[in-house]
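Undergrad: First the structure, then my questions, so here it is.
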Amino acid sequence: MSQTRGKYDFCIGLVLAMSSSIFIGGSFILKKKGLLRLARKGSMRAGQGGHAYLKEWLWWAGLLSMGAGEVANFAAYAFAPATLVTPLGALSVLVSAILSSFFLNEKLNLHGKIGCLLSILGSTMMVIHAPQEEEVETLDEMSHKLGDPGFVVFATLVVIVSLILICVVGPRHGQTNILVYITICSVIGALSVSCVKGLGIAIKELFAGKPVLKHPLSWILLLSLTVCVSTQINYLNRALDIFNTSIVTPIYYVIFTTSVLTCSAILFKEWQHMAADDIIGTLSGFLTIIVGIFLLHAFKDVTFTLANLPLSLRKDDRAANGTLLSAYDSFNDDEESSACLGEMQSTESLSARRNGSLSAF
């Protein structure tokens with residue numbers, strides 16, 4: 001019965017996590033559509049200090065969609081392991097990229113398409129191999145977990161490192177080193193996810209009729225979550241203001257998710273009950289998502305299609321290379337002839353490109 005209940009909760013958490021990604025990814029599209037509509041009307045844009053978007057229903061629809069996504073994400077932590085829920089947040093980037101190509105006419109280049117495919121494959125691997133049974137079901141159990149010496153040491157190190165970065169490193173290198181502010185957001189984010197997990201359990205108990213509001217841990221978790229999220233928002237906005245979004249987003253995802261997985265492994269000890277193949281599959285899926293997100297973001301402004309592949313991969317050029325290779329073999333004893341032949345090949349290839357005699361692959 002317990003195992004069946006665990007699988008049932010896992011499925012609920014999975015559906016909530018995926019729904020969260022769809023809502024959040026779609027919210028960016030709705031907001032963007034609303035802002036573009038205002039721009040066509042001649043209203044003052046938000047970047048110029050205008051607030052006309054507050055009268056645009058599409059923008060409000062996007063805001064509500066994001067709110068629904070965050071609520072679904074919050075609820076997912078109450079049912080599924082953080083090892084599964086947090087990495088699946090990358091799907092919101094995937095949803096946003098795909099919808100942008102359909103509704104905003106933003107073309108998805110070859111790197112982006114490969115990145116989307118890798119993100120889907122990585123997410124599938126993580127769903128298959130992630131731990132499916134949730135061990136912590138009550139606030140008393142959560143309290144016991146939070147008092148574990150391993151987690152106390154981890155949380156203490158996170159607080160110390162964050163304070164050093166905020167008070168010492170940030171003022172000196174925050175404006176020039178992209179890792180400073182992102183690291184602050186990421187390591188504190190690990191604690192905020194733990195707080196969300198605990199509050200999700202508290203809400204489940206509240207609906208079950210238990211006196212959760214009288215439990216001091218509920219208020220401690222709520223206060224801690226407020227402090228952590230406020231700090232995250234502050235330093236993430238600083239990073240986005242100083243550095244390129246296409247660089248900040250993948251780096252933040254990697255460090256944040258790594259921090260959450262580490263915290264989850266220490267706090268809930270999920271990895272101890274996983275088989276070796278499941279651990280390898282989970283890590284492989286995570287690394288696959290990282291590569292996919294990197295390709296999707298880092299090269300999104302690069303115009304690259306199959307037609308831009310090296311000429312050596314094209315059919316016509318392969319035939320030409322075969323002819324030139326035979327010529328090269330006939331002169332393989334003469335170094336000067338080889339050099340001249342290489343120069344002729346480059347000249348002919350360049351001339352062919354200019355005249356358009358090579359067909360696109």
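Just so you know, glycine gets a Cβ as well, placed from its N, Cα and C.
Found this in TrEMBL, in case it helps:
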- 12-30: transmembrane segment (TRANSMEM)
- 57-79: transmembrane segment (TRANSMEM)
- 85-104: transmembrane segment (TRANSMEM)
- 111-130: transmembrane segment (TRANSMEM)
- 150-171: transmembrane segment (TRANSMEM)
- 178-203: transmembrane segment (TRANSMEM)
- 215-235: transmembrane segment (TRANSMEM)
- 247-267: transmembrane segment (TRANSMEM)
- 279-299: transmembrane segment (TRANSMEM)
Undergrad: Of the listed stretches (85-104, 178-203, 247-267, 279-299), which one yields the highest count of Cβ-Cβ distances below 8 Å with the transmembrane segment (111-130)?
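TA: Between the candidates 85-104, 178-203, 247-267, 279-299, the best contact partner of the transmembrane segment (111-130) is 279-299.
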Undergrad: Count, for each of 12-30, 150-171, 247-267, the Cβ pairs lying under 8 Å from the transmembrane segment (85-104), and report the range with the highest count.
TA: 12-30
Undergrad: With Cβ-Cβ distances below 8 Å as the criterion, list the same-chain residues six or more beyond the ends of the transmembrane segment (247-267) that contact it, or say none.
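TA: Residues packing against the transmembrane segment (247-267) from afar: 81-83, 86-87, 89-90, 93, 145-146, 148, 150-151, 154, 178-179, 182-183, 185-187, 189-191, 193-194, 236, 239-240, 286, 290, 293-294, 296-298.
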Undergrad: Could you give the residue numbers and ranges of same-chain residues that sit at least 6 residues beyond the transmembrane segment (215-235) on either side and whose C-beta is under 8 angstroms from one of its C-beta atoms?
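TA: Hits for the transmembrane segment (215-235): 139, 142-143, 146, 162, 166, 181-182, 184-185, 188-189, 191-192, 195-196, 198-199, 202.
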